[in-house]
C-alpha cells in the first residue's frame, strides 16, 4: 500500500530548542555502539583495553563522525555553496552529513587514538567495525523520518509519497508537491487515490535494512570467530560499498544531478574505492596474524 509521509521531523521542543528525530537517531546509534562495544571489551576482543579505555575511544570516534560527516558533506555535495558562504559548515541544524566524510573522520580519530595507545590501528578498526552498522541503520531511519534522501519514482505498491520531493525525477530543482498544495489538500488527494504516480522508493529504508540490519548481522557473526587482522574491516568496506552502490540506482542523485553517463551518482563514485579497499584488506588478512582475546585489564590505557 502506498504511504503518505506525514511524520513530523521534530520529536519535541524544549523552549526555543527543537529536538529533531535525526539527532535522536544519532544518540541511539552511539548508545547501541556503547552497549555492543562493552560486550566485546568484556570478551577481551580489544587487547589491553578496558571499559574506560573504550569510552575514551568512543568519544573520539563520535567527534570524528560529526566533524568528518559535516566537512565531508560540504566538500562532496555542497562545495559550491560552501565557497559562497563558508559559515554553512557550522550550521549543522540545517542538515547535511556525509557517510564517507564521517568514515574518514572516524579513521583519523582511531588512528590518533591507536597511536597514543601504541596499538595497531587495524586491530582497533576491526574491533569497531561490527559496532557501526547499528548506527548506520538508525541514521537512515532518521533520514526517512525527516522525509529526506528519497528514492526515484516507482509504481511498486510499497512506494512512499514525500511532500517535499520534486514532482518528477527530472529536471532538478523543480517544484515539490508541498509548493503547489498545502498538507490538508495533499491528504485529501491522497485519500482520493490521486497521488499514486508520485510515490517514490523509500530508499532510506532500503539502506537501513542493508547497511544497518544485514551488515550488523553479518559482521557480528563473522567477528565472533577469531579472524586475522584486516578481515573484519575488509568485510565492512566491501559490504557497505556494494550495498550503497546498488541502492543508488533507486535513490535520487544529490541535487538531482548525475555525475557521469546519465546514471552514475556521486555516492556510487565514492563507494567504488570502498569495494576496492575491502578486497585489498581481505588480501592483506591472508598474510596477517590472528590475535587471541585477552581479558580487559583493571586500568585503562
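Indices start at 1 and increase along the chain as displayed.
Glycine too: its Cβ is placed from the backbone N, Cα and C atoms.
Annotated transmembrane segment per Swiss-Prot: 10-30 (among others), in sequence order, evidence recorded as sequence analysis.
Packing against the transmembrane segment (57-77) from elsewhere in the chain are residues 30, 33-34, 37, 49, 88-89, 92, 96-110, 112-113, 124, 128, 135, 254-255, 266, 270: each is 6 or more residues past its ends and has a CB under 8 Å from a CB in it. The transmembrane segment annotation in Swiss-Prot covers 57-77 (among others) and rests on sequence analysis.
Tertiary proximity for the transmembrane segment (92-112) is limited to same-chain residues at least six positions away from its ends with a CB under 8 Å from its CB atoms, namely 20, 22, 57, 60-61, 63-78, 121, 124-125, 128, 136, 139, 146, 148, 244, 270-271. According to Swiss-Prot, the feature transmembrane segment maps to 92-112 (among others), an assignment based on sequence analysis.
Tertiary proximity for the transmembrane segment (119-139) is limited to same-chain residues at least six positions away from its ends with a CB under 8 Å from its CB atoms, namely 22, 25-26, 28-30, 32-33, 36-37, 40, 45-49, 57, 61, 65, 97, 99, 106-107, 110-111, 113, 207-209, 211-213, 215-216, 219-220, 222-223, 227, 229-233, 235-236, 240, 281, 291. Swiss-Prot lists 119-139 (among others) with the feature transmembrane segment, giving sequence analysis as the kind of evidence.
According to Swiss-Prot, the feature transmembrane segment maps to 202-222 (among others).
What Swiss-Prot lists as transmembrane segment is 230-250 (among others), and the listing cites sequence analysis.
Among the features that Swiss-Prot reports, transmembrane segment is placed at 264-284 (among others). For the transmembrane segment (264-284), the residues of the chain that approach it from at least six positions outside its boundaries are 76-77, 100, 122, 229-231, 233-242, 244-245, 248, 251, 253-254, 258, judged by C-beta separation under 8 angstroms.
Same-chain residues lying 6 or more positions outside the transmembrane segment (10-30) and placing a CB less than 8 Å from one of its CB atoms are 58, 62, 93, 95, 134-139, 141-143, 145-146.
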